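For reference, Swiss-Prot has these:
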{"type": "TRANSIT", "residues": "1-6", "note": "transit peptide"}
{"type": "REGION", "residues": "18-48", "note": "region 'Disordered'"}
{"type": "BINDING", "residues": "Asp238, Asp240, Asn242, Met244, Asp246, Glu249", "note": "Ca(2+) 1 binding site"}
{"type": "DOMAIN", "residues": "414-429", "note": "domain 'EF-hand 2'"}
{"type": "BINDING", "residues": "Asp476, Asp478, Asp480, Gln482, Glu487", "note": "Ca(2+) 2 binding site"}
Amino acid sequence: MAALRRLLWPPPRLSPTLAPQQPFLSPWGRPAGTAPGMSGRPFSGREEDEGAVAEAAWRRRRWGELSIAAAAGGGLVGLVCYQLYGDPRADPSELVAPELDESPRGRGLLPIPVAAAKETVATGRAVTEDLDLYATSRERRFRLFASIECEGQLFMTPYDFILAVTTDEPKFAKTWKSLSKQELSQMLSETPPVWKGSSKLFRNLKERGVISYTEYLFLLCILTKPHAGFRIAFNMFDTDGNEMVDKKEFLVLQEIFRKKNEKRETKGDEEKRAMLRLQLYGYHSPTNSVLKPDAEELVSRSYWDTLRRSTSQALFSDLAERADDITSLVADTTLLVHFFGKKGKAELNFEDFYRFMDNLQTEVLEIEFLSYSNGMNTISEEDFAHILLRYTNVENTSVFLENVRYSIPEEKGITFDEFRSFFQFLNNLEDFAIALNMYNFASRSIGQDEFKRAVYVATGLKLSPHLVNTVFKIFDVDKDDQLSYKEFIGIMKDRLHRGFRGYKTVQKYPTFKSCLKKELHSR
């Protein structure tokens, strides 16, 4: 305000009572009543007119400076607002790019590339928003992240799937981009064959592909299963035992997952539930299901257990008679083209199937690691704790994070190899729990050496001493350097089911942007 006052107020005139030897200094730092550049001598007559002209020019120059400053300030405010709220037309695929835009030096890891899907007619969600009332939590999550609609059926892109398993929720509501059959076929033509797969498949495809709801559930199963379970999954699809799986055999999971959802449907408006089934499966439920009614209707099972228990029943039912009907009803997807070729005639062997499942697990872990590594080859022990606690039901994570800060004051870092080995161990958590219960039989906890030994016996994995020490520092709440079932297994079971349970919103570190946004909303 003082600067503005100096700019706007005219310079005071020289008082006649002041002697020339003691001039009165004006706000501009020169004797009042003198023109700029003059020696401080009072003026009168013509000199006074010239001084007035000079002072007017001086004021005009000051007004110009003020205008420039105001324009610069306005530009700065506009930039801050743009950074806060973004372009309202921004593509949803760009929303999480800042979190995943770095890759560690010296590694082959890549973040999710940001690429917009082909622009088509956008379909608003308002018309079908009330369908969430009839959907399960998994169905709602799929609909939340799906961005493609073709003939009434919703699909995720490979990019959508990565976001669904690595972020808590979309930062902005998406619109479903409507594709015709021809556009979908053109998109799928870019799908590589299975023998060209890699741990960057989903990031390379970006938004040039589609994943159905049943495939989404199947991929979530893969993410939480040990490598030993890959053979079980393959054998479940191999109906004739020839060590090969064809497209018709693979499509049995479509019927299995659909039937499981029918049991859990919310009673209500039949028209709305039919519309929801059309969105998720692309067709209405057939009158004669491939699967027979389950006698244990009230027993809640995971999708993996349902797949394992129901496949044998489906394989010896009327599937062979209806296989062609099911194939004609199911739209081609990226996964089907990747496994069985563009014509659907190729067959999938176990080696390619195993490689695909292993690559998917690796890709998701790479993306999670990169979101915290900031271009480095390691993440901090505290960031490792953040990732472990991310999808758990722990209400107060600050206790665990404080344990890490206090117990490991000097950061050493967790490498990607250590990071990956730990999550491979988590996928074997059930076997490890059996071993841990043996130690815990007499209500005793275990130390680090016993923990490493139990992990190796149950999973065959050797965890590094630093990784084991970090895990103990995170979960050893009572600081006795011992680990119990309650301190570890109970929490990690929540983490293991990352895709099947509700996502816990994680508090992010406060930033200038969040503080400023909060202040603007409060006014």
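Using the three backbone atoms N, Cα and C, a Cβ is placed for every residue, glycine included.
Remember, predicted model here, so these are calculated numbers, not experimental data.
Counting in whole angstrom, Asn242 (Ca(2+) 1 binding site) lies 46 from Glu487 (Ca(2+) 2 binding site) by their C-alpha atoms. Put plainly, the binding-site residues Asp238, Asp240, Glu487 were compared by Cβ crowding within 10 Å, and the winner is Asp238. Using CA atoms as reference points, the binding-site residues Asp476, Asp478, Asp480, Gln482, Glu487 were checked against Asp240 (Ca(2+) 1 binding site), and the closest is Glu487.
In this structure the C-alpha atoms belonging to Asp476 (Ca(2+) 2 binding site) and Met244 (Ca(2+) 1 binding site) are separated by 47 Å.
The Cα atom of Asp238 (Ca(2+) 1 binding site) lies nearest to that of Glu487, taking the binding-site residues Asp478, Asp480, Gln482, Glu487 as the candidates. Taken residue by residue with DSSP, Met244 (Ca(2+) 1 binding site) is part of a strand. Among the binding-site residues Asp478, Asp480, Gln482, the residue whose Cα lies closest in space to that of Met244 (Ca(2+) 1 binding site) is Gln482. Cα of Asp480 (Ca(2+) 2 binding site) to Cα of Glu249 (Ca(2+) 1 binding site): a distance of 53 Å.
Counting only the Cα atoms, the space from Glu249 (Ca(2+) 1 binding site) to Glu487 (Ca(2+) 2 binding site) is about 43 angstrom.
Asp246 (Ca(2+) 1 binding site) and Glu487 (Ca(2+) 2 binding site) are 45 Å apart (CA-CA, integer value).
Those residues of the chain, other than Asp476, Asp478, Asp480, Gln482, Glu487, with a C-beta within 8 angstroms of the mean position of the Ca(2+) 2 site C-beta atoms are Ser445, Phe472, Phe475, Val477, Lys479, Asp481, Leu483, Ser484.
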